[in-house]
Every structure is written in structure tokens, then in C-alpha cells.
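Visitor: Quick one: the structure is below, questions incoming.
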Amino acid sequence: MAEIAKEKLAALMLECPKPSGIILGYGTAGFRARADTLPWIMIRIGLLASLRSKVKKACIGAMITASHNPEHDNGVKLIDPFGEMLDQSWEIYASNLSSLDDSIDALWSYLEKLMTQLNVQLSDKATVAIAYDTRQSSPFLSHIVQRAAEIFDTNIMNYELMTTPQLHYTVRCYNDNEIYGRCTEMTPGVKHPEQLAIDAANGIGAQKLVVLQQRLSDLFKIEIFNDGTQGRLNEKCGADYVKLYQKAPEGLPLTNYPKYCSIDGDADRLIYYFIDQNQHFHMLDGDRFSVLFASFISKKLKEAKLIDQVKMGVIQTAYANGSSTNYIINTMSVPVACVPTGVKHLHHKALDFDVGIYFEANGHGTVLFSDNLKTKVKAVIEDENRQDDEKLAAKQLHVFIDIINETVGDALADLLATEAILCLMNLSIEGWLDLYHDLPQRQLKVAIKDRTMIQTTDAERRCTTPAHLQDCIDELVSKYPSGRSFVRPSGTEDIVRVYAEATTQADADKLADEVRKIVEELTK
Ligand code: G16
């Protein structure tokens, strides 16, 4: 069996050779690069997915997407049995496989060593679930993952076009043999949500939103723009564009809708916005979802008389607006943890709480609920001695848990949860925005010759290399009241990101630009 597998693998490697000099690490969201440079890595990731499945004796997911990146990029990330991101200890195997030369003997001997170390056989059972976004390169790349995994005797389920969170959720349901999230109404008797115009980034989310639109037609009206029939994926549209440039996307007319939102190319991020009476644009980002969700959940926990029995926390990254962190800690009295960028880090930390609310400022996030909390909520619903209003609050929490996709940030689930909360709390989008006032901020992308020159510490809030960069940033920041700035290498694009905030937009822009110049100077 091993001989045949080795021969098949050698043939596949000849079909998809590794370009010379290429270095690819398993970054913030798996492997991501220009699509034409990726076929060879799809072989290695297909094999790794199969091995992971053999070890865990469960289905593993492989999602082909480059999410917010332009159409010409693509990527792949693995999904663990509970629908979470690949365990970090396995990222090392992924990076090791990536760095091996393009030789069948080198690859085979590494795989043999790994199988011995992991105590698995080629013939052990494996199941891999594959899905991909709407990029032109996706079906081809997914086919390579499939062929590679099949060499290792793997049962493949290819779901083809799916959003990233759909595949996370599917993997979890498959392994747990259970359906999470039932079709229930969270707002019976409450007024229906106002109409919502959605920018679908010309991605896979548009197709899935059509289904949602039909299902929800009695409950609330959504209008879909940038549905992929005309514009290009993520080009001047989508959640990343809106967040970065703090303006509306192209292809979505800001006419008379009460509110708007943008999702990204694989529908795991969500950003809301609206135009006020003076035609000013206002954006509600990931920090706002944390605040809204935390307010709702604590209100319901209080009403259900459960608040003293559960531990709730919010997880953010350095990109969180300082005002949001302040508001959550000082006004809401909820603890906040700061972790490095990447949903995997936030998700991991959120597991420390009974209610772990995590959102990156870019709109990527969800809420995790412990089994302890779920049991307590259920007990209130079933307890005959509880008051009606306590039971109602527990029921609403129960439905909220059903709506939310606990495996990973899911733009569509977050959208439904947001709309339901706004109705239940009788909150307008203006009221939501008024909960606190953001500090003006600016984000820049800076192209440098080698982004690995920049190393960070303290949840990416401080640089350790190149020498003197942090001292220079500190000096610049000290000149601005409430100034804050940091620099980090992107894990999904070949750039460095600069973030700055200050009390005025002009100051935030100036500080960002000064930090950009110093980064360019010290990395020449
Ligand atoms: C991915 C990750 C996010 C991360 C983003 C940007 O998002 O899932 O956690 O914030 O990349 O990462 P970086 O700043 O390292 O480029 P997506 O939506 O592109 O999958």
C-alpha cells in the first residue's frame, strides 16, 4: 500500500511542482498567497488534513479561500473536529511540510516520521470535508487537496461552494452528530427589524444571503448589493474595505435605507454603517458588536437571575478602539483580555469564560458559551418555580445561543443576532452608536522588502525588532493626547500594518503617517 501511495504522490508532485525560492508559513489564517503559486502546498495540506483526521478519529475541514484578499489570491485553512481553527501545535507540521524541498523522498521520509510520532497508519480511517469560495482558482485548488488526501485513503466530502463559517459549522455537526442552531424566532411579539441593505463583497455570501432573504421574507427585508454578478470580489467593497477606508463601498447606493452592512469575501466578517440626517457616514465595527452582545447577554442574565453565577469576558486585539475597551471595563464592568491578531487566539482565550465574547475590530467574531452556562439557562426554562419574566429571559438567551455560530465568526449569524438584539432592546442604530464615542483612528498598509524584519511582543502592541523602532514610536505617540500606535506584520498579505488613534482624526492620520515613515526608514 505504501509503495502505491508513494508513487501516486510522486506523480501528483510532478503535476504541481513547488516554485523555487518560495517560503510559505501557516499564518494568521492558514496558507495564503497568489493563487498561481499555491497548487504544490495544496498537496501537503491535503496530506496533513488526512493525518489529522486519522489522529483525531474525526472529520477535519479544509476551506479554500483567501477571504478579504483580492481575487488573484487564494489560500487554505484546516478546521479541527469541533469546528475551531487547527490546533496551533499542528501549525508547526504545516509549516515544516511547506518548507521541505520538492523531492518525493524528502517529503515521504518526513511523512513516515510524522506517522510514527503520531502513532497512525496509512490505512487508518480518515474523513476530510472540503469547501471553497467563489474565486476562479478555488475548484482547481480544492481538487488537488482532495487528490492528495485520497492518496492517504481518505473519505472526502466536497461541499463545493460554502462560506467559511458554514464549513466550520458543518464539520462540528458531522463530528457531534447533532444539529446546532434550530430555526426559532427570537423576537416573537416584538416589532420587526428595519430594512437592511447588504454589500456582499461580490463573494460567496451573496448566494447564501439569497436563501436567507427567501426564508426571512415575512420577518424582515434585506436587499443584496455586490452580489457577484457585476463587480469583482472584494474590489472597493466588502467589510475590509469599509473598515480600512471608513467609507461606504462602491456598488451600494447610500440612498434611503435606515442601515447598511458589509460582509467579506467568505462571509466571516461583518461591519454596519448608516448615514445620519446631515449626510455623515458612521461605521459600527467589531468592537460595537462586542458591546452590543455583552449588553444584551448581561441584561438577560440579570433578568434570569443568573448573572452572579457566570463568568463573562470580552476578548479584543490591539486594533480595538481605546474607547470601546474603556467602556466595556469601566461602564459595563466586564473584564477585557487582549490577545494577538487572529481569530484562533481570540477563540482560545474566550474558552476561559462562561460567556466569552470575542470580536476583532475588523468585524470577525462570535460568542462562546460554556456547558455550565447552557445547563443553567435550560434549568431556568424548565423550573416551574421561576417567574415568567425570568423564564422569558432564559428562553431568549437560549435562542441567541442557537442563532450564534459558536465554531467561528459568522457574518450571517452575527447579522441575525444583531437585528434580533436591536429589536429586543428597542435600540436604533443611532442609539447603538451613541453608547460610546470612538477615538478617531487610522490604519495603513505599508509595503516593505521583508515584513519578517518586524517582530512584536505584548499581544503585538510593541515591536522588538528592528532596533529602535519601538523607541521612535513611543516618542511620536507621546506628542499626541490619548495617542496610541503600533506596527505589526500582516499574516495574510505581504505588507506591514500601522494603526494609530488620537483625539482628532487629523492627529490620528498624522501619527499614522509619521509611524509609516519611521517603519520605511528602519526597514530599508
Ligand atoms: C484573517 C483572520 C483574522 C485577521 C485577518 C487579518 O481574516 O481570520 O483573524 O484579523 O485575517 O490578519 P492580518 O492582519 O494578519 O493580515 P480573513 O477574514 O482574511 O480570514
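The backbone N, Cα and C atoms fix where each Cβ goes, glycine too.
Here the structure is a predicted model, which means the values were calculated and not measured.
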Visitor: Given that TrEMBL lists D264, D266, D268 as binding Mg(2+), which residue among S67, S89, S478 does it place in the same site?
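Guide: Only hit among S67, S89, S478 in TrEMBL's Mg(2+) site, alongside D264, D266, D268: S67.
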Visitor: Could you name the residues, excluding S67, D264, D266, D268, of the same chain that surround the Mg(2+) site, i.e. Cβ within 8 Å of the Cβ centre of those residues, in sequence order?
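Guide: The surrounding set, listed in chain order, is T65, H68, D133, T163, T164, G203, A239, I263, G265, A267, R269, H364, A411.
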Visitor: Write out how many residues of the domain 'Alpha-D-phosphohexomutase alpha/beta/alpha' (56-89) are helix, how many strand and how many coil, based on DSSP.
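Guide: Helix, strand, coil within the domain 'Alpha-D-phosphohexomutase alpha/beta/alpha' (56-89): 3 helix, 14 strand, 17 coil.
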Visitor: Closest to R497 (substrate binding site): which of the recorded positions S67, D266, D268, going by Cα position?
Guide: S67
Visitor: Out of the binding-site residues listed (E360, P489, G491), which are within 10 Å of D264 (Mg(2+) binding site), Cα to Cα?
Guide: none
Visitor: For a quick check of packing: other C-beta atoms within 10 Å of the C-beta of D264 (Mg(2+) binding site), how many?
Guide: 33
Visitor: What recorded positions among S67, E360, P489, G491 are found with a C-alpha within 10 angstroms of that of D268 (Mg(2+) binding site)?
Guide: S67
Visitor: Rounded to the nearest Å, what's the C-alpha distance separating E360 (substrate binding site) and S67 (active site, phosphoserine intermediate)? Just drop the number here, would you?
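Guide: Spelling it out, the Cα of E360 (substrate binding site) and the Cα of S67 (active site, phosphoserine intermediate) are 15 Å apart.
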Visitor: If you measure every Cα to Cα distance among E360, A361, N362, R488, P489, S490, G491, T492, R497, the residues said to bind substrate, what is the biggest one in Å?
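Guide: Largest Cα to Cα distance for the substrate-binding set is 17 Å.
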